[in-house]
């Protein structure tokens, strides 16, 4: 619309068609150096545009018309626009008014900037000529100065010789000795020798100076700098060629196909797939031409100004990168059309493509900006600080790094949104909360949901049954604000369960729910300590409880830690800050604000304890992170609720603690507004906080409270842990005192609040560390004992609260617990058991047995990799075996299995036996795919693609068509094209347990490490890079934590680990030539 309305020149013109037979009337609009044309003056989108820069526009003579149309053609005025682009046809236009024609010609000629380009070229030539003249004059001036200095020295020398000669002449005349000297000939010989020696010494000195410079660091740095620039020119030429193939072999032919009568693809899809591709090609063609022109006079002319021209136009990469994933999805969708897929394969078969797919060409621009950054890093490393273009190159590098950071952030945000949308599309009922852009995906996995009986009790007796594990299996998705629970239907679709969308702000997490002895007996040992409870108390509906069971303690710890982290982030980082700033009476550090918020209302930031709470949730909405618990029960229950400042309930009404005035002696009194709600006068100096401790008998206050509850069955008591939902309140009639602290020293002391909050924070950090990163303590005994010693010191602190003492004891119990919880066999045990068993031949094992045991082995090797080995690209260093031993073991295991498969096939002498072995291994690969072991799929497909196997043409003729089709399907799944696009999609849609291909993640980490600096320009940590690395490692750890429930079979693992009959690459190829020799040419 802007072009049509604001163009410098606009109106109707007739345009000759491509076949030169017809004239079509279009509405043309000239804007700057672009000529747009529309179907009519009311069209919203242009039909096309012409770039007029450098074109030539002239009047054209009228063509000779037929006699019948002579009169009509005489009124037409023609003009043409010739473009300087290759293969671009001349644009022929006509109008009915001569004046209008002249004005169009003048306007287009002005818009072509041809005069400016000519003047610019002439000025550049003059500028280069003047530069050469200046350099020449400088050289001549330097030579003249040197000649003058040499002349002055020669004059002084001649004066000295003249004076010496005059003295000799006077001495000769005085002696009147006319006898000839016999030594004249000898002196001349001596002088000749001396002259020769002086010349030789001078030449030797200059040669030494030149050789010293050649060997100097400066010369070496300049040689490397030149090599970097030449390599950059070669890389740019290759990149321009790739873009040229992308545009000419794919974009433009597909545009033409979209305009056909039966289009296999729409214009919108073409625009979505190739967004900005043509513009990027034009940009880099210009950059490459300028770079090539500078190289011809390198290193005389500078290079940095070319980047100054390139930088403002690189923002188009942001749109390309942001659209990249979407373009691949559109392309995959279009490939479902057989006509399009056939046409695309025809384009990809062209010799220019060199067997590369369209996805490969679309991926090339993704790496260009990081490649520029690496080139500039290397160029700056070999550029002296006093170099003329040092500052310009530094500026270009900083701008490119800033653009790279923005692109990475946008890609991360876009990938998160697309991940949420993918999950939302999988849910048949839809899920509106996933359309919130602030909703961040955290984790997903399979858990078992325990049903509740009609009376609200948990049917824990069925936990051990197989039917419950099948019926109760749920697909759980944790986001930053919600937990979604679904069931998996046919076709992989998801169905939301009842109360399947849980808001975390309304949740209370109980990590170890209470259970009776009867429940413990009926539930079985297989789910002991594997379940956790989520109590949900929404504002507008009744509360309910969700009980979930994990497959192992490690998985349970990961889920509970992530859920508590999300709850803490919601409550502490948002609502608590606002409420504290308006209502706090005491100035305390930021981390203590969560304590004050216990007395704040979530809606109006007013203290709520002067009126009856509407629901138990209101008493503890602003909970703090510490895993402390308050309970009347003696069982060890852990809830993530605040253990301090407990609201005091008096017969269903609450005490207002807002007006406790702070003084040097503490809280002096109680706010008078409590009088309408309770006639009992409470002394805050007698405040008592109930608590629980493992194996501890309830004290008198608790016993009195229990008796009071028994005598009043109509009133329910609420506690922070146990089977109730709420707040651990104490009756006002009972004695009140702060447990563990003398009343005369601790009541009302703000230092008491600060110390308690600091203790809670330390315990919370330790709890998070121990539960989510237990391997740190398994591999470092010194660290484990130091943490245990610190916690024991904390427990023996006489000023510690009972709840804090219990939390520290729980952490110690977790640290000293030897049973990992999943009871899975370890890799060391598998290897040890396999050593004493004789390996049975391949024919004795079924494909299912091999696939299961191979999956078990792959996962055991994969889960042993500690997360520290993924930092710093240690697997690419010379000392990789010392820095990343477990990654190297994973790589060795991959190669050993691949060699085993190839050796097993080659070992058979008969063709039918080899074909059967191939079909059996392909069946193993397909079963591994069903088991989500994509590492084994790649192990098997890569071994089948080895030259020793691939060349067996007679053997492959015996392989069935179904097996070959299955091989193609598996190879497409694990193909590296498009950055493992298909494999990433499969990993996104599968539920753990799973064994991914580790090389894909190592490639991502290497790309992030090389393309992004660790620190920003201001010297601050680059958190954008750290978030990307964290995202990858978190995905790896998610797959490591969930184990397979596969029974170990020593005879099969012995076969898979036996390397006695495995051949190396050379032996494999020799055996392949022996069983199927090469045919004579």
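Keep in mind that glycine also has a Cβ here, set from the backbone N, Cα and C atoms.
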Students should find that the coiled coil stretch in TrEMBL, chosen from 92-133, 134-175, 176-217, is 134-175
Per TrEMBL, the region 'Disordered' among 609-636, 637-664, 665-692 spans residues 609-636
Among 509-535, 536-562, 563-589, 698-724, TrEMBL lists region 'Disordered' at 698-724
On the domain 'DH' (224-410), the mean of the pLDDT values is 84
In DSSP terms, the domain 'PH' (6-113) comprises 23 helix, 42 strand, 43 coil
